[in-house]
Amino acid sequence: MDRGAWRATAHGVPKGRTRLMAEHGRIGCTDIICCVFLFLAIVGYVAVGIIAWTHGDPRKVIYPTDSRGQFCGQKGTKNENKPFLFYFNIVKCASPLVLLEFQCPTPQICVEKCPSRYLTYLNAHASEDFEYYKQYCLPGFQKNKGVAEVLRDGDCPAVLIPSKPFAQRCFPAVHAHKGILMVGNETTYEDGLGSRKNITELVEGAKKASGILEARQLAMRIFEDYTVSWYWIIIGLIIAMVLSLLFIILLRFLAGIMVWVMIVMVILVLGYGILHCYMEYARLRGEAGSDVSLVDLGFQTDFRVYLHLRQTWVAFMIILSIVEVIIILLLIFLRKRILIAIALIKEASRAVGYVMCSLLYPLVTFFLLCLCIAYWASTAIFLSTSNEAVYKIFNETSCPVAGKTCNPETFPSSNESRLCPGAHCQFAFYGGESTYHRALLGLQIFNVFMFFWLANFVLALGQVTLAGAFASYYWAMNKPDDLPAFPLFSAFGRALRYHTGSLAFGSLLLAIVQVIRVILEYLDQRLKAAENKFAKFLMSCLKCCFWCLEKFIKFLNRNAYIMIAIYGTNFCTSARNAFFLLMRNIIRVAVLDKVTDFLFLLGKLLIVGSVGILAFFFFTHRIRIVQDTAPSLNYYWVPVVTVVIGSYLIAHGFFSVYGMCVDTLFLCFCEDLERNDGSQERPYFMSPELRDILLKGSAEEGKRAEVEE
C-alpha cells in the first residue's frame, strides 16, 4: 500500500474508497491558494470588525436623537429623564425631503412624556397652561419674545396634538382629531403670525403624517402576540422536532410503509383543508358584508377582516384543490418509479441508521450560521453608526444656503442665519468627510460579501461532511464491519484538513453570484420610479439569468462536494467529473433523484400540515388542553404562521440529511456501475437489494448477467 492510501485508511476511509482515491492520486490538500485567500479574507474581516467596533456607537440605533444630535433617554446625559422625541410639526415629516435627508425638517426635542391634550401657543402663552406648554419648547426657552417672534424663530411649536409614544417617538394619536374638534368647539386657530389656520387641515395633515402609525401599530400588536404566545410557539416547534425525529426513526425500519402512509396522509390533510374552506364558505352565506370582494376591500392592516369574506375561503379552496390535483397526478404517473425511489430511501435509511449522529449535524450547521449572522449584523450596525453628527440648514421657504452644513453653536450669529432668518441649524444625519467615512460603503459591501462567503462555506462544510460519512458506508464491502468507528467525525476532519480550499472555492463562486443579485435588486428598486421600459426589461432579464446561474452553481457545488468526499480531488476536477457523470445518467437523475426529492417534500408537508392544523385549532380556542390554555391574541395567525415556518425549517433540517444521503448514494451507485462489472475481480459495492431493483430491466443488468455467465 502506498503512502497516500495508507494515510486515507488511517483517517477512517474504507478500503473500497481508498482504492478509488489512490487511483486518482489525489489524497492530499486541494485548492491551497483558495484556502490562503479565505484565511486572508477572514483576517481582513476581523480587522474590519475591530475598526467598526472602535468607531461605532449602537446607541444611535437604539435611542432617538434631537435636533442637536443628542440622545433621548440615554443615562449619563442631560436628557436622561427625557426618553421620547417630540416633533414641532410632524406634518413636515410627510415631506419628500425626509426621504432625501432621513430627517424631518422641523425642530425636534427630547421630552419626558408625549402631549396628552390639544393646546395652541397663542392660547397658552398668557394663561396658566404655559408651564405645561413650555416643556415642549426648545431647552432654555424664556418668555421674553412676542408670539410672532417665538413662532418665527421656531422656539416653540404652534400647536400641541395628543400623541402616543412608539419606538420612543411621539406620533399623533389615530383618533386625536376627535378630541381636538371638541375643545371649545373651535374650528380654527391663530398661528400668531397674523393668519388663521383650519384645525381640520392641521388634523388631516397630522393624520397623513401618522398614516404609517397604523402599520407601526400592526407591528406592535404582532409583538404583543409574540410576548404572550412565545412559549406555546416553542412547544409547537418541539412537537415538530419530535414528529420529524419519530418519522425519521420509523423510516429507518418501515421505509416502504412510511412512504405510502406519508402519501396518503398528505392527500388527507389537503382534503381536510379543502373541506374546512368549503365549510367556512358555506357558514358565511347570507352573513352581512361577506360578499364584499377582496379588490373592493383593499389592503387592511387587520388581516382578520379577510376571514369574514367568502371570496377569501374560495381562494384558499382553489389553491388547495390545485395542489391536491397536481400531487395525485404526479403519483399516478410516477407510481412505478416510486417503488424504485423507495428502495433508494431504504438504502439511505440503513446508511443513516449506521451513522445516527448525522441527524444531529444540522445543529452544528445552524450554530455556525448563527455565528456568521451575528457577526455580520453586529459589524453592519457598528459600521452604520460610526459616522459623526452632521448638521444642516433647514428652512420652510426657499433659501440659498438651505441644505448646507452648519455648526449649531455658531449658527445664530453666522451670515447664513442673516440670509435666511427663518432657517434652523439642526441635526441631519450621521456622516463624515474622513477617509474612513468615505470608505464606509465599500466596507459594508465587503461585510455583505464575507457574510455570503462564510455562510456558503459553512453549508459546504456540512455537505462534504455528510457526503463523506455516507460514502464511507457505500464503499464498505462488508457493511457495517468495514465502516470506521466514527464516520461523521472522520469525514469532518478530512474536510477541514484536506479540502478547506476546495470548499472556499465553491462557496466563493456562489457568494459572487449572490452579491451580484443583491446589487441587481438594489438597482431594480432605484429604477422602479423610472419610465424607461427597456431598462426595466433588461434588469428583469439580468435578475432571471443570475437567479438561474445561482441555482445551477448550487446544484453543481452539491455534487462536486460529493465527488470531493469520494475521491479527494480538487473542486474543478470534482465538478467536471460530477457533471459528466450525471449527464451520462441523466435518465436516472430525472427519475430517481427527483422522485425521492418529491417524496421528501411530501414528508415535510405532512409534518408542517399536522403541526399547523394543531396550532390553528389551539390558538383559535377550538381545542383546549386545560381551561383557558390558549392566550388571548390580537391576531391568531401570528403564532400559527410562526409555528408553520419553524416546523418547515425543522423538518427541512432532518430531511436534508436524508436528501444528502440519497444524493451521495446515487452518485456512488452511478460511479460503481461505471467502474465495476459485478465480477469477482471488480465486484459491486452496492447492496444486493439496491442492485436488484436499480439494475432491473436496464442495460447494466444485461451486462452483469453476461459477465456472470
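For all residues, glycine too, the Cβ spot is worked out from N, Cα and C.
The transmembrane segment annotation in TrEMBL covers 30-53, 230-251, 257-275, 313-333, 353-377, 448-476, 496-520, 560-579, 599-621, 633-655.
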Cβ pairs under 8 Å between the transmembrane segment (560-579) and the transmembrane segment (496-520), at least three: yes
Surrounding residues of the transmembrane segment (30-53) on its own chain - C-beta under 8 Å, 6+ positions past either end: 375, 378-379, 382-383, 386, 436, 443, 446-447, 450, 453-454, 457, 498-502, 504-505, 508, 564, 568-571
Cβ contacts the transmembrane segment (599-621)/the transmembrane segment (496-520), at least three under 8 Å, sequence gap 6 or more: no
Listed stretch, out of 353-377, 448-476, 633-655, that has the most CB pairs under 8 angstroms to the transmembrane segment (230-251): 633-655
Maximum Cβ pairs under 8 Å to the transmembrane segment (257-275) - stretch from the list 313-333, 353-377, 448-476, 496-520, 633-655: 313-333
Recorded stretch, among 313-333, 448-476, 496-520, 633-655, maximising Cβ pairs under 8 Å relative to the transmembrane segment (353-377): 448-476
Close approaches to the transmembrane segment (448-476) from elsewhere in its chain (Cβ under 8 angstroms; 6 or more beyond its ends): 12-14, 16-17, 20, 38, 41-42, 45, 348, 350-351, 354-355, 358, 361-362, 364-365, 368-369, 372-373, 375-376, 482-484, 487-488, 490-492, 494-496, 499, 503-504, 506-508, 510-511, 514-515, 518, 557-558, 561-562, 564-566, 657, 660-661, 663-665, 668-669, 672, 685-686
